[in-house]
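Here's the structure, in structure tokens; my notes come after.
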Amino acid sequence: SIFRYLLEQDFPGMRIGPEPTTDSFIAVMYGDSEGSVPGNALVVDPKKPFRKLSRFGNAFLNRFMCSQLPNQVLKSISIIDSPGILSGEKQRISRGYDFCQVLQWFAERVDRIILLFDAHKLDISDEFSEAIKSFRGQDDKIRVVLNKADQVDTQQLMRVYGALMWSLGKVINTPEVLRVYIGSFWAHPLQNTENRRLFEAEAQDLFKDIQSLPQKAAVRKLNDLIKRARLAKVHAYIISYLKKEMPSVFGKENKKKELISRLPEIYIQLQREYHISAGDFPEVKKMQELLETCDFTKFHSLKPKLIEAVDNMLANKIASLMSMIRQEESNMPTEMVHGGAFDGTMAGPFGHGYGEGAKEGADEDEWVVAKDKPAYDEIFYTLSPINGKISGISAKKEMVTSKLPNSVLGKIWKLADCDGDGMLDDEEFALAKHLIKIKLDGYELPGTLPSHLVPPSHRKPFQTAE
């Protein structure tokens with residue numbers, strides 16, 4: 001439902017339901033005409049980035065397809081829709097291919113991983129838990145969406161959010177708290193409207209996160225290149241060590257078994273010898289499983305020149321590549337995701353924050369502060385104005401009653417003192433009180449005073465040409 005919401009149209013192969021409806025991996029991509037391409041044809045297409053998926057065999061390829069449609073959103077991003085996660089008895093029935101391995105393959109290549117939870121269905125099944133674990137090492141790409149949050153009230157939502165964070169903490173072993181976006185990401189009326197403002201702010205944050213992906217794509221690819229170069233270097237050290245330890249004639253099989261069992265010790269030894277971080281080594285258990293089927297005698301010895309070339313690339317070439325990317329980005333127009341639901345949040349009266357906080361009254365003829373000015377004037381005249389103005393000391397006594405920190409009140413003073421004379425007249429004082437109210441209501445203060453908030457007596461008259 002979230003993809004339907006973002007694209008604002010259906011794609012071939014899409015079916016929405018409360019049960020895990022999608023039984024296939026669907027790559028939703030841009031195409032001049034609507035249509036779908038089955039998995040076997042997809043992995044032999046040189047124009048598509050899926051050729052390496054052929055190693056997962058027919059069982060997977062029969063459950064893989066590409067949906068193409070002429071949608072503006074898909075010009076900037078492509079979406080991989082994964083199958084519904086199974087729970088309970090269904091998990092015992094094999095999918096016929098290594099589901100977690102496929103997820104890991106995609107996780108290494110995508111820019112963003114979105115974990116979707118329904119507010120009324122929070123359980124993390126064994127398969128979901130395994131799926132999340134397969135994203136290990138890609139934690140920076142993960143975002144969590146708590147969808148259909150309008151189906152519970154505020155009190156229940158608070159408990160649901162707490163339960164979700166607790167459950168995720170048990171599965172994702174990182175000290176950082178994952179970013180969870182709370183909202184109702186479908187085009188249906190909200191069942192509970194009391195959290196409407198929260199849902200709008202969260203949707204805006206998620207949209208900004210997705211919209212910024214095209215800009216960061218080049219840096220992400222460079223980051224992946226650095227990561228893979230470091231892993232390749234460590235891999236070379238491990239393989240060459242195993243080769244060096246093998247006997248030339250007898251007892252090869254026994255030595256192989258001994259080396260596999262001693263792999264954790266070998267890791268520690270290599271860490272000390274080459275000053276490598278423990279986080280750069282592959283997982284011990286997985287490496288031991290892979291080594292079982294290998295012939296150690298066919299491994300290559302360490303080639304110092306190749307290691308030197310990698311070190312030189314990491315130390316010198318990457319820095320120049322990074323500066324080239326930054327220079328290219330500054331010369332090109334900012335690339336953002338457009339179309340679908342993204343366009344609904346950009347302009348017009350339903351844009352995020354329109355008519356709220358400092359933006360309130362932007363499209364009105366009357367000064368927005370005027371409606372509360374009589375109440376502000378009463379306070380103003382109790383502060384003993386001289387020649388229609390109060391001093392900074394008098395204003396401070398009143399402004400600190402808001403309990404806002406001095407750094408915020410200092411910014412409000414700067415915005416409200418329109419003529420910069422260090423004193424406030426009745427209109428400037430009313431403006432200061434209005435800005436305090438904006439801040440107390442939880443909105444951000446503007447960097448510079450918007451034209452609609454400038455007091456009428458401080459507005460520059462329009463010059464008319466004779």
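Cβ coordinates come from backbone N, Cα and C, glycine included.
Those TrEMBL annotations? Automatic predictions, nothing curated.
Taken from TrEMBL, the feature domain 'Dynamin-type G' applies to 1-214. Per TrEMBL, domain 'EH' is recorded for 372-460. What TrEMBL lists as domain 'EF-hand' is 404-439.
Within its own chain, the domain 'EF-hand' (404-439) has Cβ neighbours under 8 Å at 357-358, 360, 368-369, 372-373, 376-377, 379-380, 385, 388-392, 395-396, 445-446, 448-449, 453-458, counting only residues six or more beyond its boundaries. For the domain 'EF-hand' (404-439), the predicted model reports an average pLDDT of 91. When DSSP labels each residue, the domain 'EF-hand' (404-439) comes out as 25 helix, 3 strand, 8 coil, counted as helix, strand and coil in that order.
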